[in-house]
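A.B. asks: Below you'll find the structure I mean.
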Amino acid sequence: MNYETLASEIRDGVGGQENIISVIHCATRLRFKLRDNTNANADALKNNPGIIMVVESGGQFQVVVGNQVADVYQALLSLDGMARFSDSAAPEEEKKNSLFSGFIDIISSIFTPFVGVMAATGILKGFLALGVATHVISESSGTYKLLFAASDALFYFFPIVLGYTAGKKFGGNPFTTLVIGATLVHPSMIAAFNAMQAPDHSTLHFLGIPITFINYSSSVIPILFASWVSCKLEKPLNRWLHANIRNFFTPLLCIVISVPLTFLLIGPSATWLSQMLAGGYQWLYGLNSLLAGAVMGALWQVCVIFGLHWGFVPLMLNNFSVIGHDTLLPLLVPAVLGQAGATLGVLLRTQDLKRKGIAGSAFSAAIFGITEPAVYGVTLPLRRPFIFGCIGGALGAAVMGYAHTTMYSFGFPSIFSFTQVIPPTGVDSSVWAAVIGTLLAFAFAALTSWSFGVPKDETQPAAADSPAVLAETQANAGAVRDETLFSPLAGEVLLLEQVADRTFASGVMGKGIAIRPTQGRLYAPVDGTVASLFKTHHAIGLASRGGAEVLIHVGIDTVRLDGRYFTPHVRVGDVVRQGDLLLEFDGPAIEAAGYDLTTPIVITNSEDYRGVEPVASGKVDANAPLTQLVC
């Protein structure tokens, strides 16, 4: 995929640079803050093959591009004038969002930059717990201590990391707020807290005011409030101080004022709020944990669709900080794996080649916790699989809620989550409930989506399983070899990236070449078997004797002609020789109907070859050498 081209199209689609305030990215989405969302062309973006979905939520215009989002983001920032939008802080004069939208925007901007690393360290901590539970590793060993420190460092020093990202979001100097966060977890402050636990401790004072020392390691809310206060203080200081001294006097005054204020007022108040929040959640969860599981399992992916899931992140992290574990995060595992199961059901059932390709990559992402490609690319467009995934999530999460399954480290809900629900005391019934609940969600969604989730017209194979096809397929299996493809058409040779359809031009369907035909007769480019013939007759697939899988697509978007102007001369399962007539088409009539006749010839298993090398250029005659396949 050409990320620069896609980035340019996204920039133009959101209304150009003049409409952009800022842009960040998460695991699968570019999150724009725009001056006016109505200036963006959402329909054009949705129709771009490189884009999975467009969502407007939480005061953000979100463009879902999938797992390659980091590459697209870097390509976007590399465009002229775009780098200045990477800072997530929006100018004050821009229009204000609703309170809830603003909250979602703040949370996503603060936590997005390091959420991947946070998930990775959580997974590492889970594997260490599994190793201890199975006696593979001892807690007293040097190996364990080193890896545990790596897995725990980010969470222990949370105030430092959050200080930096919060400072950026609130529009201040992120290094100033980083220092405030570092002060909260400085060894001398932790030592002062430990000393205060002694019955005969002496109280320390700041300018005569007693200091309440609190262990702020792993804390979330105190540094967020402290960073906000510091950034609010920084703006007037920058206005009042002369430019010659502003660079060091502003941070100095922010630190001197904010740090004592945090220890004396902000920290204790925020800690009290954190404890109230954690206690309130525990109380609600305790009312009916089974119902809580069913509700979260059913609705989690709905929250993801609208980008509202970020609102739960502070609650989860606060639970880890205050209680030491969390019962909300494990309920999301069946919700995620439910969508993965639904995607697998579609993958195994559909005969639509494009949907099957999307489902394959989306399934692999979903089992590792990234569900946006599955939801936007597969289950939500078909509706029923999405619903089946949500129902499966509800069933599985209800089982886990009933057993009070608990997670002991943060991470994306995924197949790795099983290691993170192992208690320090070892495997118990709550762990088995996690396994059973997740398998229930996955199996239910997969089976129902396979049975009822795919439209009937997609369940009919494009290529009948005739004896000829089966024999040819078996003969070709594992027999890929060097082969020459001859031109199926007379016309002008084009590079595949010159094709107007990005699905072909991007190479996602495979490597190949294209021809702009001058005659309406399509010939077999190889010896082989007709593996597929679309019911609209505009495209044909061949399985060559050399093992190549060749797709020939006559024209761009010609599927809309519904078979008009195409006359096939072969059927699925026919064995053909190179040069046999496959089909005829009325080129002038197709062009008069407004369609581009450019015909991609793609090797859909091109990954099996070292090279797919054109040997013709310019004008080419039918049945002349066109492409060399090199193993």
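Counting begins at 1 with the first residue displayed.
Heads up, the Cβ atoms here are built off N, Cα and C, so glycines get one too.
Keep in mind that this is a model prediction, so the values were computed, not measured.
Below, the features straight out of Swiss-Prot:
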- 1-86: domain 'PTS EIIB type-1' (DOMAIN)
- Cys26: active site, phosphocysteine intermediate (ACT_SITE)
- 105-466: domain 'PTS EIIC type-1' (DOMAIN)
- 120-140: transmembrane segment (TRANSMEM)
- 146-166: transmembrane segment (TRANSMEM)
- 175-195: transmembrane segment (TRANSMEM)
- 206-226: transmembrane segment (TRANSMEM)
- 248-268: transmembrane segment (TRANSMEM)
- 295-315: transmembrane segment (TRANSMEM)
- 328-348: transmembrane segment (TRANSMEM)
- 358-378: transmembrane segment (TRANSMEM)
- 385-405: transmembrane segment (TRANSMEM)
- 434-454: transmembrane segment (TRANSMEM)
- 501-605: domain 'PTS EIIA type-1' (DOMAIN)
- His553: active site, tele-phosphohistidine intermediate (ACT_SITE)
A.B. asks: Quick check on the active-site residues Cys26, His553: which one has the highest count of other Cβ atoms within 10 Å of its Cβ?
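C.D. replies: That would be His553, with the highest Cβ count within 10 Å.
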A.B. asks: Would you mind reading off the Cα separation of the residue listed as 'active site, phosphocysteine intermediate' from His553 (active site, tele-phosphohistidine intermediate), to the nearest angstrom?
C.D. replies: 36
A.B. asks: Kindly report the helix/strand/coil residue split of the domain 'PTS EIIB type-1' (1-86) according to DSSP, in that order.
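C.D. replies: Split into helix, strand and coil, the domain 'PTS EIIB type-1' (1-86) gives 35 helix, 22 strand, 29 coil.
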A.B. asks: What are the helix, strand and coil residue counts for the domain 'PTS EIIA type-1' (501-605) according to DSSP?
C.D. replies: 14 helix, 42 strand, 49 coil
A.B. asks: At a threshold of under 8 Å on Cβ distances, which of 175-195, 206-226, 248-268, 328-348, 358-378 pairs most often with the transmembrane segment (295-315)?
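C.D. replies: Looking at each of 175-195, 206-226, 248-268, 328-348, 358-378 in turn, the most contacts to the transmembrane segment (295-315) are made by 328-348.
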A.B. asks: Counting Cβ pairs under 8 Å to the transmembrane segment (206-226), which of 175-195, 358-378, 385-405 comes out on top?
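C.D. replies: The stretch I would name here is 175-195.
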A.B. asks: Please work out the mean pLDDT for the residues of the domain 'PTS EIIC type-1' (105-466).
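C.D. replies: For the domain 'PTS EIIC type-1' (105-466), the model's average pLDDT rounds to 87.
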